[in-house]
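Colleague: Pasting the feature list from TrEMBL:
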- 14-34: transmembrane segment (TRANSMEM)
- 46-67: transmembrane segment (TRANSMEM)
- 79-102: transmembrane segment (TRANSMEM)
- 114-138: transmembrane segment (TRANSMEM)
- 158-180: transmembrane segment (TRANSMEM)
- 164-246: domain 'DUF6534' (DOMAIN)
- 192-214: transmembrane segment (TRANSMEM)
- 226-245: transmembrane segment (TRANSMEM)
Amino acid sequence: MDASLLDLVSNVEIALIVSSAIWGMTTLQIMIYYRNVSRDGIPFKFMVGVIWACNTVYSACVAIAVYKVTATKTQVSLNAVSFVIPFGSIFGSFVQSAVQAIYAFRIFRLSKSLYIPIACWSIAMFNFVVGMTFDLLIMNRPLAKMLHIGRKLNWLGVSWYGSTAAVDVLITGTLCYLNAGFDRRTRMVDKLALWIIQTGLVTSLLAVVIMIVATLPDITKSVGPWAALTAIITNLYPLMLISLLNGSSTSRTLTTPADEGFDSISFAIPPEIRTSISVDVEESGKAMEMQKAAQATG
């Protein structure tokens, strides 16, 4: 295994560990979403499930590719990766474009204007088509041919991630503008966390970094960080989306109006827990009365 390939595998292994943790958090958020959120329509819930499923396929393909390279270390396994990685990347391209489309729909719901959403939808569709085309071109190719096509079509990858970064920055800027006015009763930490999740700030910054890495002249040195960052951002998209959906559904129940000058957070308690608490309080009161009566008679 030469030095450039070893560097690529090392970067992807680190990204796989980070991506696995992100996938686990996304899965937990998905479980919370389907358990607590009931007002979303069935088509939207189905779309959320499809995004998670595609992200799972992508993560599995990355894990399989890393295993084939690190466990066997043969040329056959390296050539087999040329099918697994492009196949998984098709699902990854769909995840990115679908999440961007949902963010654009959120902009439409908030602004009631179609100009920016249509621009975001168009570029997101362009990203998906370009990504899928590139993956199909390199699929089932020997590793050397795969890298040759990557060098030859480097401009396509730059335009792909350049447009991805442009959509993310546009969505971030628009949502920052639309969400500029926060409720003054909300805690400052909650404001910051909600703002980061709602605007997709993390994915926007990471997309810009990926675009910069993709434009570096030496592709043999940049392909490792590029592949690692791509694997991480693909898993970040669904996590940011599901966190936003769960945060939007619970923000109305977690924050309630309080006395002037104070902040208050109230948590909804299930009926069975409320019953248990009331029974415990009642029994505790009876025990205290019996103790006082015993002391008085004694």
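Using the three backbone atoms N, Cα and C, a Cβ is placed for every residue, glycine included.
Unlike curated entries, TrEMBL annotations are predicted automatically.
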Colleague: Taking contact to mean 3 or more CB pairs closer than 8 A (sequence separation of 6 or more), are the transmembrane segment (79-102) and the transmembrane segment (14-34) in contact?
Modeller: no
Colleague: Can you work out which residues elsewhere in the same chain, 6+ from the ends of the transmembrane segment (14-34), have a Cβ less than 8 Å from its Cβ atoms?
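Modeller: Cβ under 8 Å, 6 or more out: 45, 48-49, 52, 55-56, 59, 62-63, 66, 227-229, 231-232, 234-236, 238-239, 242-243, 245-246, 249.
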Colleague: Considering only Cβ pairs under 8 Å, which range in 114-138, 158-180, 226-245 makes the most contacts with the transmembrane segment (46-67)?
Modeller: 226-245
Colleague: Please give the sequence-distant neighbours of the transmembrane segment (158-180): residues at least 6 beyond its ends with Cβ less than 8 Å from one of its Cβ atoms.
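Modeller: Distal contacts: 96, 100, 103-104, 106-107, 110-111, 116, 119-120, 123-124, 126-127, 130-131, 134, 195, 198-201, 203-204, 207-208, 210-211, 214-215.
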Colleague: So what pLDDT does the domain 'DUF6534' (164-246) average out to?
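Modeller: Averaged over the domain 'DUF6534' (164-246), the predicted model reaches a pLDDT of 75.
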